[in-house]
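> Not my notes, these are from Swiss-Prot:
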BINDING   CYS567, CYS576  [4Fe-4S] cluster binding site
BINDING   HIS662  divinyl chlorophyll a B1 binding site
BINDING   MET670, TYR678  divinyl chlorophyll a B3 binding site
BINDING   TRP679  phylloquinone binding site
TRANSMEM  46-69  transmembrane segment
TRANSMEM  135-158  transmembrane segment
TRANSMEM  175-199  transmembrane segment
TRANSMEM  273-291  transmembrane segment
TRANSMEM  336-359  transmembrane segment
TRANSMEM  375-401  transmembrane segment
TRANSMEM  423-445  transmembrane segment
TRANSMEM  525-543  transmembrane segment
TRANSMEM  583-604  transmembrane segment
TRANSMEM  651-673  transmembrane segment
TRANSMEM  715-735  transmembrane segment
Amino acid sequence: MATKFPSFNQGLAQDPTTRRIWYGIATAHDFESHDGMTEEKLYQKLFSTHFGHLAIIALWVAGNLFHIAWQGNFEQFVLDPTHVRPIAHAIWDPHFGSGITEAMTQAGASGPVNIAYSGLYHWWYTIGMRTNEQLFQASIFMSILACWTLFAGWLHLQPKFRPSLAWFKNNESRLNHHLAVLFGFSSIAWTGHLVHVAIPESRGIHVGWDNWLTVLPHPAGLAPFFTLNWGAYAQNPDTLEQVFGTSEGAGTAIFTFLGGLHPQSEALWLTDIAHHHIAIGTVFIIAGHMYRNTFGIGHSLKEITEAHNTRHPLDPHKGSFGINHDGIYETVTNSLHFQLGLALAALGVATSLVAQHMGALPSYAFIARDYTTQSALYTHHQYIAMFLMVGAFAHGAIFFVRDYDPELNKDNVLARVLGTKEALISHLSWVTMILGFHTLGIYVHNDVVVAFGNPEKQILIEPVFAQFVQAAQGKMMYGFNALLSDPTSSASLAANSLPGNHYWMDLINRQDALSAFLPIGPADFLVHHAIALGLHTTALILIKGALDARGTKLIPDKKDLGYAFPCDGPGRGGTCDSSSWDAMYLAMFWALNLIAWVTFYWHWKHLAIWQGNVAQFNESGTYLMGWFRDYLWLNSAQLINGYNPFGVNSLSVWAWMFLFGHLVWATGFMFLISWRGYWQELIETLVWAHQRTPIANLVGWRDKPVALSIVQARLVGLAHFTIGNILTFGAFVIASTSGKFG
């Protein structure tokens, strides 16, 4: 056992037990708790870690580029993207026998390979890459970028280059920089790549380092830009007959507003995507000039927030809502946990939206027909969104424990939220019970009547409000005649008066899985409410954890016990499981439960449509046994049969992962149910045996072995539960989809 310990916490170094290891892991990244930590040092360390994070991302991208260029089949994919299965990398495994070697030698490879379900091939193809050489060049560039960002991280820890605390807390300048430079410039730079490289390549015109200065992206050049004749850039778009990657049917437009999908690539029009990026880049650059700069021009955030109150002489409420946002500016500025919570919540919502839109409005050429990749990407992004959202509430709770100042926030919105927490929490509890009892009640009723041979007695509710929303966006099948589904409405007349061709109505009324809004019925209505139950229950646990973080009637001094504590002292057994950490821990189980329902729904509905059997979802999705039998059991069949006495197949690895995932998941329960005393006794018995066994007793250790604390065991249990859950469902999604569609 190590005798030295990192210098960040001398208290750990004195601990005579194996707790040191666990507390070391727990506090390694809790910079605030480290010895000798000042606020300025804290900000500098965090700023430096951002560059390290960027380096890891750049290295990961470089690795993907390198291995696909080296071992993949990108150039073959470019020639036939709808039929060539993309290769992620080769497999070199000394354990492979002839059966598995043969099974994994696929997609035209000469040896065993893994198939890529990441969508990287489609992305690189869409943005104009065509050769392995280009992938290698990009890989080298990303590797250099990783080195450069690592150097930047190191540099900003050196005395001469450490930013000051005042620099970090200059909110207006930081917002201006992030909005205008990071978001604005990068969006316009991406427009540049799309216009100069991707769009010409999609029209069969090669643009590379050899000719990029001589190939005009538009016949008129910059003349329309300087003469304000911007409409010229939208004229002569690609036709509906255009063959992606060739000049056949190609136009010359670079910024369009066509809507819908390119008929052949079944992805958004590249010229629409370019238009989106230049528009949003322009908006961000304008936004990056809103806040007060070093010349005193622009808005002060403090003035804006403090103007948002009810003390204005013309305000009808006359201060009845307290002082609203006074103190909020200082609270957010001085709390990294508050800022992180806001950032995680925003990013969590954005990631969930990305998951939805990658399926509903695919932006990469031909990816919509790679059903396994689409399923994997949806699942991947929804799971990430879940982790980000739980993290947002976790850091919100840490803010209340560590950073909240009751004096500074007296009678403002934060104090008012804390003051009305009983009403908030009890209402959420009521909502979850209403949703839970009604949804489960209808599902179980339907199960019973189907089991007894009376399926016509099911309670089937049409989602009329959601159907109305779909109709308003132009879906004709429901017969609602609202807004865009009514040809005579003001919305339709305005849409029809737009110059040029527009294809939104074609997209929304498609009969396949690419319709922007899929048809919905009673099965969708029920699972929607099941998902709403999961969302509200997760939110209830997390919001309660944050709002109760400082104290409750049961434990008034909770804030002094910290973010994570097992129980409030001996003899007060009723106080266990009440820390904010415990709320996060419990919410994780509900969040995993919820995200499974979300992805089950998306996956099954799409499988049914892709197979031309949409009735399966519509009819079986209205009762629980239908979900268990026709989705879970039916699609597990390939996994359970992945390898058998007659040999193996290309799904074997997923079958093994499916089984292994269940094992990891089940291991979690050992830590979640068996608690400390049992383990402590077992450890002491094992130590006794070790010390009396020849040869083994030559190895000793300094630390007294101690069982995991309740909080530590919960962390280990939750980690196994989560990782097992993801391994199991990931293998299920990929194998069940690729087993049907390749």
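In case you wondered, yes, glycine gets a Cβ from its N, Cα and C as well.
Surface or core, plus neighbours and distances: that's what I need for these features.
Its Cβ taken as reference, CYS576 ([4Fe-4S] cluster binding site) is surrounded by 13 other Cβ atoms within 10 Å in the chains shown. Following the DSSP three-state reduction, the secondary structure of CYS576 ([4Fe-4S] cluster binding site) is coil.
Sequence-distant contacts of HIS662 (divinyl chlorophyll a B1 binding site), defined by Cβ-Cβ distance under 8 angstroms and a gap of at least six in the same chain, are GLY724, THR728.
Within 10 Å of the C-beta of TYR678 (divinyl chlorophyll a B3 binding site) there are 10 other C-beta atoms, taking all protein chains into account.
Sequence-distant neighbours of TRP679 (phylloquinone binding site): residues of the same chain at least 6 apart with a C-beta under 8 Å from its C-beta are ALA707, LEU708, ALA713.
Remote same-chain residues near the transmembrane segment (46-69) are listed as 31, 86-89, 116, 118, 120-121, 132-133, 135-136, 138-140, 142-143, 145-147, 149-150, 152-154, 156-157, 163, 168, 336 (criterion: CB distance under 8 Å, separation of at least six residues from the stretch ends).
Same-chain residues lying 6+ beyond the ends of the transmembrane segment (175-199) with a Cβ under 8 Å from its Cβ atoms: 126-128, 207, 212, 215, 217-218, 254, 270-271, 273-274, 277-278, 280-285, 287-291, 293, 298, 301.
Counting only same-chain residues 6+ beyond the ends of the transmembrane segment (273-291), those with a CB under 8 A from a CB of the stretch are 171-173, 175-181, 183-188, 190-191, 194-195, 198-199, 234, 254-257, 298-301, 363.
Residues 42-43, 46, 374, 377-378, 380-382, 384-386, 388-389, 391-396, 398-399, 402-403, 602, 606 of the same chain lie 6 or more positions beyond the ends of the transmembrane segment (336-359) yet place their CB under 8 Å from a CB of it.
Using a Cβ-Cβ cut-off under 8 Å and counting only residues 6 or more beyond its ends in the same chain, the transmembrane segment (525-543) has close neighbours at 390, 393-394, 424-425, 428-429, 431-432, 435-436, 438-439, 442-443, 461-463, 466, 583-584, 586-587, 590-591, 593-595, 597-598, 601, 621-622.
Within the chain, the transmembrane segment (583-604) has long-range Cβ neighbours (under 8 A, six or more residues past its boundaries) at 359, 375, 378-379, 382-383, 386, 389-390, 393-394, 397, 524, 527, 530-531, 534-535, 537-538, 541-542, 544-546, 548, 577, 617, 621, 627, 631-632, 714-715, 718, 721-722, 725, 729, 733, 736-737.
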> Counting Cβ atoms within 10 Å of each candidate's own Cβ, which of the binding-site residues CYS567, MET670 comes out highest?
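Its Cβ has the most other Cβ atoms within 10 Å: CYS567.
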> Cα-Cα, whole number of Å: TYR678 (divinyl chlorophyll a B3 binding site) versus CYS576 ([4Fe-4S] cluster binding site)?
19
> Same chain only, please: residues at least 6 beyond the ends of the transmembrane segment (135-158) with a C-beta under 8 Å from a C-beta of the stretch. Say none if there are none.
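Here the qualifying positions are 44-45, 47-52, 54-56, 58-59, 61-63, 65-66, 68-69, 74, 124, 129.
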> Rounded to a whole angstrom, what is the C-alpha distance between CYS567 ([4Fe-4S] cluster binding site) and MET670 (divinyl chlorophyll a B3 binding site)?
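Just about 21 Å between their Cα atoms.
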> Roughly how many angstrom lie between the C-alpha atoms of CYS576 ([4Fe-4S] cluster binding site) and MET670 (divinyl chlorophyll a B3 binding site)?
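Cα-Cα distance, CYS576 ([4Fe-4S] cluster binding site) to MET670 (divinyl chlorophyll a B3 binding site): 20 Å.
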